[in-house]
Amino acid sequence: MKTALLVLLVLAVATSPAWALRCHVCTNSANCKNPQVCPSNFYFCKTVTSVEPLNGNLVRKECANSCTSDYSQQGHVSSGSEVTQCCQTDLCNERLVSAAPGHALLSSVTLGLATSLSLLTVMALCL
């Protein structure tokens, strides 16, 4: 009797459908908590952050069949570049964001413009 139950249990597990990965899927920063079931051959949740100093970071989240993460330090991502982060558990891309926040980059741009304007003012006064 125990053997029959064991065989039934093994058959039930072997024939049950595999659980698909669930990821947040969105195309912009405004709607980035949107859980969806990924296709069966997609094994990664992928977050791609485009660094845009004037518009802030643009975030895209999706299911992916392959993914390679980029690693960067805060403040070392140049404007116009993208940072990719990957994970492999359900809804793991909910909180993944770029290591270079848009506000920090915007502050750097503002500081650079202020410095340039100051130098131009000093040069104009010296002439």
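Just so it is clear, glycine is given a Cβ too, placed from its N, Cα and C backbone atoms.
Disulfide annotation in Swiss-Prot: C87 is bonded to C92, selected among C67, C92. According to Swiss-Prot, C26 forms a disulfide bond with C32, chosen from C23, C32. Of the cysteines listed (C45, C86), Swiss-Prot assigns C86 as the disulfide partner of C67. Checking C63, C126 against Swiss-Prot, the residue bonded to C38 by a disulphide is C63.
The disulfide-bonded residues near C38 (disulfide bond), taking a 10 angstroms Cα-Cα threshold over the set C23, C45, C92, are C23, C45. The DSSP secondary structure for C63 (disulfide bond) is strand. Reduced to three states, the DSSP call for C32 (disulfide bond) is coil.
Cα spacing between C23 (disulfide bond) and C92 (disulfide bond): 7 Å, rounded to the nearest whole number.
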